[in-house]
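Structure first, commentary second.
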């Protein structure tokens, strides 16, 4: 869940007609905006004013004056321009199907939060490598930390085929979304899938798509808060040990016994219990610095001021940290696996330390996590829209899913088979199995903490924009509304961090529901509706797609059956 997701908000058709009908007046000249801005026009004749005042207005006016349409008394402020972006983003795209039209949306109008990849592509010139990397980068997220735990819940022989199977289902539905978006395209330009749902299924489907997107963002925010609390707790603990107790031997990379911890027998401790004879904490320190009861509240002091900004530009500059963090995490697993060796026993007594189960009835925990791990359906259209050769979209999507599935399986299996303790010790955050005095784990935690600290405000920004624009028709109805919404979201995150700090279960529930509603049910229903309208629907197609919908529903229901898994 793992990465930033694109949002989709519909521009009203009647407003577009008004804009088109009023495009017969003088062009606005913007030297810094290039030829695209010069093609935009005003809807009314210019009143007779002084040359200086008119020149000032031409320098500051946006290509479409949103404020003059919706509120003649309002000025051209940051929130009004952002509202104009939301209602006209897809309108511009439809006018510029391949990035070569004079109606191309100017760069200054597009906020960088809509760009979900490290390298911002030039419209119409995005290569296949950038497309594949963008899809991979979007799907790679916090689910990577839970993959070893997910394989533990499903069993070794069951976990790998299920990860491949879930990747295949999500690949097929993503393919269906791209195909239907192409069929419903305007002048060859892909449109958002929520528009397709509204066209073929009705408004309820559009609301379900937007609601699923909001739930994805909310689930990601909760998981991020839990992980940031955990990482901040262990980072401070590392510094405390080094300064007060263990300055001589903190970070030993050769003693495996001090690097690995097992919490299976101590579920009520601070999620970081230690082996016998290892580090202990003073009672007063534990009361002040507790991962469940104090750190989630201390985190408010750090992130609270950052989530109320109007513009997300600053935080989008740190998108590359996500790729660096994932790369380091993969290297971290490889280094430790090489040091530990292979520690599995497929036969023998279950009481053996390294015994590995082939199958477990708690496998829905894995399918729930995988549903969110492979969730890119709400972003794939936006990512491939700038493809230089659109005919390669499907090929690039397949390659991206193969790489993502390989990455998840590689990390999960490598950590699982090499873990040098009982497999039941593996936690839903693999870094929880590392001592807070382990240098490599410290680097992983602190890098992930800063990366998530930059992404978390973006998640809340996108959530806020989607919700508030839907309700108030503006992304900034007032500081009071924004503060109330942010306080509510942070309160939900803190409650989960205190009472249910298990990211595996949270990812599973949110992933299973959003995977069922957005990733499986809606694409299948749209495809069946198109086949029915074209007279191409067959019994085989109906049965197969109905089975996919039933599997998605069963995956969601199955999450309730594994609530008590550790």
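Glycine is no exception: its Cβ is also placed from the backbone N, Cα and C atoms.
These come from TrEMBL:
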{"type": "COMPBIAS", "residues": "57-75", "note": "compositional bias 'Polar residues'"}
{"type": "DOMAIN", "residues": "129-559", "note": "domain 'Amino acid transporter transmembrane'"}
{"type": "REGION", "residues": "1-80", "note": "region 'Disordered'"}
{"type": "TRANSMEM", "residues": "156-175", "note": "transmembrane segment"}
{"type": "TRANSMEM", "residues": "207-227", "note": "transmembrane segment"}
{"type": "TRANSMEM", "residues": "288-309", "note": "transmembrane segment"}
{"type": "TRANSMEM", "residues": "321-342", "note": "transmembrane segment"}
{"type": "TRANSMEM", "residues": "362-385", "note": "transmembrane segment"}
{"type": "TRANSMEM", "residues": "397-419", "note": "transmembrane segment"}
{"type": "TRANSMEM", "residues": "439-462", "note": "transmembrane segment"}
{"type": "TRANSMEM", "residues": "482-500", "note": "transmembrane segment"}
{"type": "TRANSMEM", "residues": "506-530", "note": "transmembrane segment"}
{"type": "TRANSMEM", "residues": "542-563", "note": "transmembrane segment"}
Verify whether three or more Cβ pairs under 8 angstroms connect the transmembrane segment (362-385) with the transmembrane segment (542-563), leaving out any pair fewer than 6 apart in sequence.
yes
Ranked first among 288-309, 321-342, 362-385 for CB pairs under 8 angstroms with the transmembrane segment (482-500):
288-309
So which of 288-309, 321-342, 362-385, 439-462 is most in touch with the transmembrane segment (397-419), counting Cβ pairs under 8 Å?
321-342
Decide whether the stretches the transmembrane segment (288-309) and the transmembrane segment (506-530) have at least 3 CB pairs under 8 angstroms, with pairs required to be 6 or more apart in sequence.
no
Which listed range (156-175, 207-227, 321-342, 362-385, 439-462) shows the maximal number of Cβ pairs under 8 Å with respect to the transmembrane segment (506-530)?
362-385
